[in-house]
Each structure stands twice: as C-alpha cells, then as structure tokens.
Amino acid sequence: MWRGLVRSAASNLRHSRSYSSAVPLPSIIHKRGIDVLHDPWFNKDTGFPITERDRLGLRGLLPPRVVSFEQQYDRFMESYRSLEKNTVGQSYGVVSLAKWRILNRLHDRNETLYYRVLIDNIKDFAPIIYTPTVGLVCQNYSGLFRRPRGMYFSAKDKGEMMSMIYNWPAQQVDMIVLTDGSRILGLGDLGVQGIGIPIGKLDMYVAAAGINPQRILPVMLDVGTNNQKLLEDRLYLGLRQPRLEGEEYLSVVDEFMEAVHARWPKAIVQFEDFQMKWAFETLHRYRKKFCMFNDDIQGTAGVALAGLLGTVRAQGRPLTDFANQKIVVVGAGSAGLGVLNMAIQAVSRIAGSGANPHFFLLDKDGLLTKERKGIDPAAAPFAKSVAETEEMGLREGASLVEVVKKVKPHVLLGLSGVGGVFHEEVLKAMRESDSIKPAIFAMSNPTTKAECTAIDAFKHAGENIVFASGSPFENVDLGNGKVGHVNQANNMYLFPGIGLGSLLSGAHYISDGMLQAAAECLANYMKDEEIQMGILYPSINSIRDITAEVAAAVLRAAIGEGLAEGHGDVGAKELEHMSEEEIIEHVRRNMWYPIYSPLVHER
Ligand SMILES: NC(=O)c1ccc[n+]([C@@H]2O[C@H](COP(=O)([O-])OP(=O)(O)OC[C@H]3O[C@@H](n4cnc5c(N)ncnc54)[C@H](O)[C@@H]3O)[C@@H](O)[C@H]2O)c1
Ligand SMILES: O=C(O)C[C@H](O)C(=O)O
Ligand SMILES: [Mg+2]
C-alpha cells in the first residue's frame, strides 16, 4: 500500500508555500489555531503531534489522541470501501457522485492525505476525479457546489485581472490549467461548470507528475455560455449571457495571460477543452509568447501517435510500415486534427517528405474531400482529392460504413464526441480490414460518448483487434480463458510529463521537438511482449513512473534545442552537463510526494 519514494521532510518543504509576512521562529507557517485546521494545505487533522498542537495553538481544538498518517489513511479507505458496499445495486450516477463527494470532502479538508490516497489508489480513483465521473460532476456543478476551488475570471472582470491575480494566496504557481468551458469532454458547452476539468487535470498533475498542490491553479475563464438550458437554470453560477466572440473574446484571454505572466512568468499554462476555433487560435497566438500548450490538440496527438506506432508493432511490422497504414479518423475537431498533424509529421520523419500517407478524415457530414463547401482551413490539408476518392469508389460526404468497407483500414480512430458512432455494421466491416490486427480507438469521453464499447468492439470486429478507449472500460472476457485487453488512450499519459518537463527546463516556450520527444518516450515505453498482447499503454498504476520518463524526455529535448534556462537553483549550465541518468534522477527529485512535513522548527 505504501508505494513510492518517501521524501525527506526537508525536500518536501523546499516546495512549500512561503510567506512574505515576517514569521518569527519557531513556526514554519504564519497561521495559528483553527485557521491551521481549516487550511487543507497544512491540516493534519488528528495527526498533529503534541509539539505542533502546543506551538500552533491547537490544544483543545482536537480530540486528545494523536493518530498516525497510516491510521488516518486506513480509516479513510475503510469508509470508502463501506460506501462502495452500501451503494451496490444503485445507478452509476448515484454511486459515482457519492464516491466523488467523499473524495472531494477529503480534498477540501486535508490535501496531504487526499493526494496520498489518490496516488496509492490511482486505478480506482482516476475514474472518479477524472473521466468519466468528472463529466457528471461538471454537469451537476451548480447543485454540487459547496466551496470554490481555483480562480474564476469573467467577462465582467475586464480591466481588473492584473490585480485579481494577486488574490490567489500562493506566492508561487507552477502549473495552471485553463478552460472557457466551451467543449467539456464530449458534453458540449457547460459554461462555468467546466471548472471541474481543470481541477481533475491538476489532480492528475499532482498524482502523476508530483507537482506540489500548493503550486497549482485551476482557472475558469467565464465569457458566457451558449447553452440555453444553463442560461435558464436558476441555480447556474456563471455569467448569464451569450459567449463573447471575436476580438472581445480574445481580449479577455489576452488580459488573463498577461496577468498570469506578470505574476508568475515561469508558470506553464495548459489550455483545456476550448471549442475548436479558439483552441487553434489561442495556440497560434500564444505558443511562442508564453510557456503554454493545448492538451486536446497536442497532448492527445502524442498519446494517439504512441498508440498508432504500438499498433504497427503489434502487427509484427517494422515502424517504417507506419507510412503504409490506412487510418480512418472520425472527428475533424481540435483532437482529430491534432492527431493527423502529428501523424503526418511522423510519416515524413519515418518515410521522407515525399511519402503519401493514407489517412481519411470524416466529420459530422461524412468523408471530407476537396469538394466540401466552406471547409475549415485547419481540416483542408486532410481532405481527399476528387481523383483519390473516385479511385476508391468513394465520394464527398461518404458515410463511415462506406468508407470502412471501401478503405479496409488498419486503424479506425474516433474523436467525434458521439457515443456509438462505431455501430455494429461499422465494427463488422472492420473484420475485412487489410490488417491482421486491426485497431479500434474509441477515444471520445466520457464513457457515454465513446464511439463504441469494448465489449461491442471485440464482439463485432473480432477477437484479434487491438482496442483502446479514452475513458476506462474493463478488459473483455473472450471465453476459453482469453482476454480482450482494453487500453486507455487518454492524454493523461502525456500532459503531466509535458508540464513537468517544460517546467524544469525553464524554456520560454514549448517546442514541437519537446512534444515529439514526449510522444516517442511513451511509444518506446512498452515492451514487445506487452505489445504482442495488445497492451499499447502502461497501466495507470505506473503513471508516476511513465510521467517521470516523459518529463525527462521533454527536458532533454529542451536542453538539446538550447531552450532550457533552468528552474529554481538548477541553471541551464548544470542541466547541460547532466547525463541521461542524472536528468531522470533530477526529475524524480523534484516530484512532490505527500507526507506530513513539520510545521514548526525543532528547538
Ligand atoms: N482520449 C483523449 O485523450 C481525448 C483527448 C481530447 C479529446 N477527446 C475527446 O474527443 C472528442 C472530440 O473532441 P474535440 O476537441 O476534437 O471536439 P470538437 O468539437 O472540436 O470536434 C468534434 C468533431 O467531431 C465531428 N463529428 C460530430 N458528429 C460526428 C459524426 N456523427 N460522425 C463523424 N464526425 C462527427 C464534428 O464534425 C467535429 O469535427 C470529445 O469527446 C473529447 O472528449 C479525447
Ligand atoms: O479529459 C480527458 O479525459 C481527455 C481529454 O482531454 C478530453 O477532453 O476528453
Ligand atoms: Mg480535454
């Protein structure tokens, strides 16, 4: 149960919150009494030792027995397990929200214990604090709201953001996840309720990348919502106005980015769940100016590419064969286009710039060809020419079934946000694939929006497929002791490492080379024996390990490109002189791990 490395208190405290107010020794924190108990960053509940109770004015505010961290941990897990028992037979929504509530209450009260149970039970808890339950939490946010978490900047705050940013109590922030709530998972525009996504992503940053929870900041940019139901909901907590558009919209994002940069010039900003037009626009606008990335475009692309390369290996083919793979991508949004852009780059690296990849792109109106009217410029490079389409017996707007039947793809990859779009006929058509091991990636989230379920994929497309989904599914029992392995193709395998590696590099922007290094690291992480069994991604139980490797790869790439400026007391020169082993050791040393650190100096 007690996995992972236990850091020394001193090293944990190096990243602790520091205070500008003059603090007389012996206290390490400036708060006293009930304020300490009400601060989840420092609270140890019944775990406060007698010396700290004395010196922080806690005597009498707690029952007398001092309970160890291990006992507190076991107590929480017992109540969690009994909640599981007591909710057997109830609906998914009721059970998962009950689980979310119990975890959220701990999060509100005692962050050290919260992150420890999260890290140690990540396989069980990720589906609650992350996809799929986080989607349900966002949908029910107004009703579930008890306490705020993170910061909210709204269209009404124009002109005020530079001063508002100083309302955040931490002196240092390393990692920000920002959304405008316009495309929350596959659930559409959820307005201010989308704040659950940055919170969930940052929980993964703490659990996987060891970013200190005192240095994370979830942010909601509330520029209104076009969701009529929310606008009419009397409990809705966001601005009741249609979304800002055009220059008005961009000026709000600009102001926020400048405010963040002014206070924390080295903070990394992850853009998350923005509708496509703003996802691309803001990425182009800020990517060389600030240290930022768009997770849905860039993080997803790297995870998908790692899976696609794994698929080639699973077929027993050399990686150069990637250039010959026929890949049908369903969904021409920020994620689908991000994947195709990165896949095209990979093909030209592997097979030279003259290679002609066999990629097919569909959106809600079917196969995209050059004949499409009003085609989005971001999708245009992937539209098929008339000659190519005719040669295959296809046409503009051809349906998914037609495309799969004619193309016989090696890979069918969904990022459409439409549950069940890989229906029985589509999956059965995959049996005629030209691959001996066709791959089906149903990457849309949450589970209800997956293009197909794992069971249906193995049932209709055959037992020899490789399967991956964005939200978790159980492995499938194929009978006779055989198991259909379910991979979770989710950007959670990359964004924490991209963020941590970029942070430690101190680079002023995140280059394509850094992102490519992250994807390659994930692709190379899996052993051939695993790949042969259809296992394309590591178990989520190893997410801390894979994240350290990814972060080291990103850091090495930044050093190699001369972008690394260093972080904290480790400068560019020191980074340049580190060996590969020293870099990974440096990354691991900088990963926060939850233990109770002393809050008073020893006399
Ligand atoms: N697994 C992951 O790591 C991951 C990462 C990012 C996004 N996603 C998921 O991918 C989905 C899409 O995200 P996005 O940012 O690209 O959204 P988006 O809104 O930008 O794009 C959705 C695309 O799907 C197309 N589409 C809609 N209905 C369709 C249909 N019936 N057939 C074919 N195409 C259809 C739309 O035309 C559009 O091109 C979401 O559900 C999101 O949760 C998953
Ligand atoms: O949030 C996730 O689980 C993955 C991805 O960022 C998404 O938008 O679906
Ligand atoms: Mg996302």
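Using the three backbone atoms N, Cα and C, a Cβ is placed for every residue, glycine included.
What TrEMBL lists as active site, proton donor is Tyr130. Summarising the annotation, TrEMBL assigns active site, proton acceptor to Lys201. Per TrEMBL, (S)-malate binding site is recorded for Arg183, Asn445, Asn490. The annotation divalent metal cation binding site is assigned in TrEMBL to Glu272, Asp273, Asp296. The domain 'Malic enzyme N-terminal' feature in TrEMBL is assigned to 107-287. Taken from TrEMBL, the feature domain 'Malic enzyme NAD-binding' covers 297-559.
A helical conformation is recorded for Asp296 (divalent metal cation binding site) in the three-state DSSP classification. Note on the domain 'Malic enzyme NAD-binding' (297-559): its mean pLDDT in the predicted model is 97.
Comparing Cα positions, Arg183 ((S)-malate binding site) lies closest to Asp273 out of the recorded positions Tyr130, Lys201, Glu272, Asp273, Asp296. Other residues of the same chain near the divalent metal cation site, with their Cβ within 8 Å of the Cβ centroid of Glu272, Asp273, Asp296, are Thr179, Arg183, Ile197, Phe271, Phe274, Ala279, Asn294, Asp295, Ser334. A separation of roughly 14 Å, to the nearest angstrom, links the Cα atoms of Asn445 ((S)-malate binding site) and Lys201 (active site, proton acceptor). Distances between the Cα of Asp273 (divalent metal cation binding site) and those of the recorded positions Tyr130, Lys201, Asn490 are shortest for Lys201. Here is what falls inside 10 Å of the CA of the residue listed as 'active site, proton donor' among the recorded positions Lys201, Glu272, Asp296, Asn490: Lys201.
The distance from the Cα of Asn490 ((S)-malate binding site) to the Cα of Asp296 (divalent metal cation binding site) comes to 10 Å. Look at the Cβ of each of the recorded positions Arg183, Lys201 and count the other Cβ atoms within 10 Å; the largest number goes with Lys201. It is 9 Å from the Cα atom of Lys201 (active site, proton acceptor) to that of Glu272 (divalent metal cation binding site). Around Glu272 (divalent metal cation binding site), the C-beta neighbours below 8 angstroms that are at least 6 residues distant in the chain are Val177, Leu178, Thr179, Ile197, Pro198, Lys201, Asn294, Asp295, Asp296.
Checked against ligand 3, the recorded positions Tyr130, Glu272, Asp273, Asn445, Asn490 give Glu272, Asp273 in sequence order as having a Cβ less than 6 Å away from one of its atoms. Only Asn445, of the recorded positions Lys201, Glu272, Asn445, place a Cβ under 6 Å from an atom of ligand 1.
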